[in-house]
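S.K.: Take a look at what TrEMBL says about it:
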type     : residues : note
COMPBIAS : 318-329  : compositional bias 'Acidic residues'
DOMAIN   : 112-167  : domain 'Potassium channel'
DOMAIN   : 210-278  : domain 'Potassium channel'
REGION   : 307-333  : region 'Disordered'
TRANSMEM : 21-38    : transmembrane segment
TRANSMEM : 111-131  : transmembrane segment
TRANSMEM : 143-160  : transmembrane segment
TRANSMEM : 200-221  : transmembrane segment
TRANSMEM : 233-253  : transmembrane segment
TRANSMEM : 259-277  : transmembrane segment
Amino acid sequence: EVLRSVSVHPILRPLRHTTHVMLLLAGWLLGTVIFYYTEAPAEHQMVADTYAQLNDAFDIIADDMISVTASTNNDTVVAEHVKKAYIRLLEIEGKWRWSAIQKTEGPEAHYMWTFGTSFFFVFTVFTTVGYGSIYPWTDAGRAITILFGCVLYPFSIVVVRDLGQLMLVGLTRVYGKVLIKIREAQGYITKESEVISLPWVMALIVSMGFIALSAVFFKYYDEAIAPYEEFTYFISFYFSFLSFTMIGLGDIMPTNEPWAPIVAVIIWLGLPLMRVITKMTYLRMENFYFGAFVYIESRLGAKKQVEPEAPKAVENTDNSDSDEDEDEEAREKRIRDKVMLNFTVRSLGKCIASGRDVYGGEFGRVDLKKSDL
């Protein structure tokens with residue numbers, strides 16, 4: 001509470017905000033460099049291999065068509081060979097699955113839009129996962145997507161936060177009971193007034209365990225539907241992680257059933273848990289950033305010096321409320337000054353580990369007095 005009330009020196013106020021932005025940009029550029037030099041060579045090699053396979057296929061198809069047209073004048077036979085050649089080209093390009101021919105004639109024919117896949121799509125809209133693997137084809141569908149996004153997305157955040165808080169309370173209770181039992185076994189007595197909080201590491205372990213178990217389920221569920229077995233353990237974990245963190249690139253989806261309703265349900269059930277670990281993580285990062293600048297200011301000795309003011313003439317004898325306000329403000333200032341002078345690396349570490357919200361959970365609401373302006 002005291003740290004949250006510490007005012008940053010005017011010289012450092014712009015620096016605090018610009019430093020955060022610069023750190024984010026640095027991470028952005030670092031990621032750009034890493035992904036460019038990791039993925040670009042792989043893409044060039046993949047394109048070269050595919051291009052070579054296509055050229056080989058062109059030669060084979062051309063020889064086959066010459067022999068077919070030389071042996072028959074039947075248009076149906078020639079058309080069937082052309083069709084097989086086209087399918088072969090689609091397979092080389094990796095576009096056979098979910099193509100028009102596969103949906104119509106394939107042994108596991110499956111249209112994109114069914115009742116179940118519509119259920120999955122609405123889930124991707126209001127959770128903002130947005131894989132991009134299924135999307136509306138019509139302007140009417142796009143307009144409805146906007147409408148549902150405006151209505152369901154904010155409400156889904158309320159629901160996820162509420163369930164996340166409920167889940168956090170439940171996990172904390174379980175952790176607290178286990179902790180007390182362990183202490184009792186070691187001969188320690190937990191005081192009734194002691195505050196027990198779920199450690200960030202424990203929440204991280206639980207969330208990653210849930211992601212891993214979900215990945216195993218997604219793999220075996222997908223393999224049970226159809227014979228394709230391209231969904232490896234790592235790929236399944238990758239898909240699971242991107243889903244629960246709501247990154248949802250859509251580059252990887254279950255091979256045989258990419259829009260399964262059961263997948264949407266499991267991911268949605270895990271979002272409150274992800275909300276818990278996400279909040280606990282960003283609060284610690286927030287505390288680090290805020291506390292780091294408080295530490296820098298304390299090291300630079302940037303304490304504001306306020307000259308004592310001459311006593312003002314009292315115009316009204318009934319100023320009890322004003323005196324109380326001035327006393328309270330003076331007391332808060334003395335506390336802030338004391339914090340600034342004594343803030344250390346150890347204080348910063350305690351601030352980060354506490355997981356307290358430095359903005360007091362009041363982000364977006366600011367109360368200012370006339371004097372604050």
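These residue numbers are counts, starting from 1, taken along the chain as shown.
For all residues, glycine too, the Cβ spot is worked out from N, Cα and C.
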S.K.: What does the DSSP secondary structure composition of the domain 'Potassium channel' (210-278) look like, as residue counts for helix, strand and coil?
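M.R.: Here the numbers are 46 helix, 0 strand, 23 coil.
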S.K.: Averaged over the whole of the domain 'Potassium channel' (112-167), what is the pLDDT?
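M.R.: In the predicted model, the domain 'Potassium channel' (112-167) has a mean pLDDT of 86.
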S.K.: Using DSSP, tally how many residues of the domain 'Potassium channel' (112-167) sit in helix, strand and coil.
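M.R.: Computed counts for the domain 'Potassium channel' (112-167) are 41 helix, 0 strand, 15 coil.
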